[in-house]
Amino acid sequence: MNQHLHIDPPNPRILIAEDSPTQAAQIVHFLSRRGYAVNAARNGEEAYELAVATQPDILISDIVMPGMDGYELCRRLKATPGLEDTPVILVTSLSQPQDVLAGLEAGADNFIIKPYDEEVLSSRITYLLKNRNLRRAERSGDQLEVDFGGERHHITARKQQILDLLISTYAQAVHLFSALDQGRQELSQSYEVLHALYDMTDGLNRCRTPADVAMTTVSRSIGMPGVRDAWIYLRDDDGLRLTAERHTGRNAQPDPFPPSSADTEVVDDTLGDVPQTRRVETGGGAARHHASMRLRVGTRTFGFLNLVGSEPAVSGEVALRTLAAIASQVSIALERAILHTDLENEVRKRTQRLVEEVEERRQATETITAIFNASPVALISLDAQLSLTTWNRTATEIFRADSALVSGNPWFTLFAAAPTRLHDVMGTLQSGGEISSLEVDATLHDAAPRSLHIAGEPLIDTGGVFRGAVLAIDDITAIKQVKEQLHQAQKMEAVGNLTGGIAHDFNNLLTTIIGNLDLALIKSTEACVQQRPYLDTAMRASLRGSELAKKLLAFARKQPLEPQALEPSAIMDELRLLLDGRLGPHIGMMLTVAPEVPMVYADPVQLESALMNLAINARDAMPAGGELTIEAGFVPAPPCGRRAAVEFTVRDTGIGIPPEQLDRIFEPFFTTKEMGKGTGLGLAMVYGFASQSGGYLTVESEVGIGTTFRLGLPALLEQVAPDARPDEDRRPAAHEPRSVLLVEPNPEVRLTVESALIDVGHEVRAVGSATEALRVLNEEGRVDVLLTDLNLAGMDGLALARAALEAGACDQVLLMCAAAPETMASGETPERYGILNKPFRVEELRDAIAALF
């Protein structure tokens, strides 16, 4: 038995005899992938020679070949020593029983039918290789004669060989039957598909809109064999949109294959209209196939149809042709539906346009009426005779008359007395001309003088005949008043700037005069006693000039202020003491403070001076006696404009101020008093103080009735403690010699101040600019006091002071100013600096330096 033992090689050798190169290459490729060592021959003779040379484990031979056919090759192989046990598989069509008998006569071991079923061929090879030893062990059988179809066949094959061949023949017969049965099933399925296609075509022919096409397509697609899910995307202005979907399933899942699992990204544009498929997994792990089809006619793409179902339904060759036909039908139906929809839409649009035109005209009429009535300008229409026909609400408000009452009346009945200029231009309007811009002052029926801006346009018909006009009348009375107020404010600003400049230069002159007078008085001896009265007289005049300069600076809003939180009641109490005995016996006085008035933020000295000025002016306006009332109250902030204020009202019952003088009473040097009884600076000073403090001053007056001044200053709405008054009785500091750097651009002032300081022992270095001062500090070192004027060319005094302190070049800073800059004028001077206002006395200068230490 051992001599028959055969061990299979790791890679069995297979010899192929096939005259068709294509089929030979196909089977060689298949078997090589399965791990077999494969050789191929093109005919029987070549196959036999290769078999003798290579000793194959199996021979697979086509029967029909040129020269030696498959039967002859099998007989010669079985008759060759060493090759008699080599299994032979014949490739045949099995078209008749004689093929089986011929195979048995030739000694074939197995049959396989063309075209090959690769799995069947692989199983046959495996079977023959496993049972090869069994066939070798079997003895050759006796010769068997078979009479079939009138022919006698001599069969000498072994029993196992015969059994294998018959089994394979039966298997092939079964396979053929199965293929035939499958063909019948496919035919039946094709019938169902054709029926479904007919049903879809019938449904698509009834559709009128793309939405109908989409719903019909997915509904009828579900009726196709094997299709379980269908959805369709259609293109609109926003891109692709899911338009319709239908799903089936055992568990009635709403969407087992959602569109997101097979969206339009599956479609490859390079493949045109060819349906594209892919394999997808369901929730239960079962495999389905998804097909996506482009819906288009020509170059116009309408959308995509997606179907999911079994492989034969959506993935086979026949299925792909069917799907392509469906896509074509759906595309044509979509094109037809879109055309039908577009036509209906066009008809609908035309109808809608007609309706809209009617509505637009109605709305236009309503809009014009609304604009007519809502116009802030009076709009009045006239007929051909220039009689009033219609007007809007603004005209009613301006002329205080309803259109129904004046309709049909001549245009001039709108006025108590129509201006002559208006009569002239109305004639121009009736002649076809226009009124482009006309300003007139007129009196209306309410007796109020008005300033009116009038424009007019004639209405000319197509024949060139005048048929009426439209007037636009704007009441600009308030605008003209505002313009006049603005002009007045600008005038006051200009006068203030001029006044401030004059006061600045005047203060520098007075500083030189007062300083030198002081030095002369200090150095005067008994021998000069006769000259002293002259010096005293000059000093008194200079000091009056200093007070005049202060008033000018107050009007120009350039006086240094020290605002504080003040209690209005305390201000009124002190004012009562100041006025007591100064009003005279014939004038009554009443001072009141309204409840819950907040504190006011102002300079206490300047506030008292302002109220005293107003009170004295009120006294002078009542030569025959009267009543003076001073009230303090709170004025909340308006919605826009100035801030909340504490308002001091000074009211008299005097002679009043004529209207022509009201616009000028705040100008410096303007006075209504007799010559020699006033400087004309009192009200100017109060006006400047109010503006500089962020407040206001207004006046109301009526001749013979009296005058009311309202002084408003910023209110402090948050609760704060009132500032304490400075201790005016504080002793002056001791005068000790100090090193002083004097910076003064005016040579006369610089010489005067330098002399005054040297006389009391100070060491003084005097320069005229900030640049020189910085050079001195760098070269000669630090000083005790930097005494500098605020108004320097280039770097000003404040900047110089900051630079010197930051560099540690001085211990203290004293600032001199003839007119305060913006920061000091509003009370924002740094507390670290001392302030000395020009003009000043020599003793004030010396005390100011001593007070720094």
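In case you wondered, yes, glycine gets a Cβ from its N, Cα and C as well.
According to TrEMBL, the feature domain 'Response regulatory' maps to 13-129 (among others). Confidence in the domain 'Response regulatory' (13-129), given as mean pLDDT, stands at 86.
Annotated domain 'PAC' per TrEMBL: 436-488, in sequence order.
Among the features that TrEMBL reports, domain 'Histidine kinase' is placed at 501-717.
Marked as domain 'Response regulatory' by TrEMBL: 739-853 (among others).
Cβ contacts within 10 Å of Asp62 (4-aspartylphosphate), excluding its own Cβ and spanning all protein chains shown: 22. If you look up TrEMBL, you'll see Asp62 (among others) marked as 4-aspartylphosphate.
Within 10 Å of the C-beta of Asp789 (4-aspartylphosphate) there are 26 other C-beta atoms, taking all protein chains into account. What TrEMBL records for Asp789 (among others) is 4-aspartylphosphate.
Per TrEMBL, the feature region 'Disordered' maps to 246-266.
In terms of DSSP helix, strand and coil, the domain 'Response regulatory' (13-129) has 55 helix, 24 strand, 38 coil.
Annotation note: Asp789 (4-aspartylphosphate) sits in a strand segment as assigned by DSSP. Break the domain 'Response regulatory' (739-853) down by DSSP state and the numbers are 46 helix, 29 strand, 40 coil.
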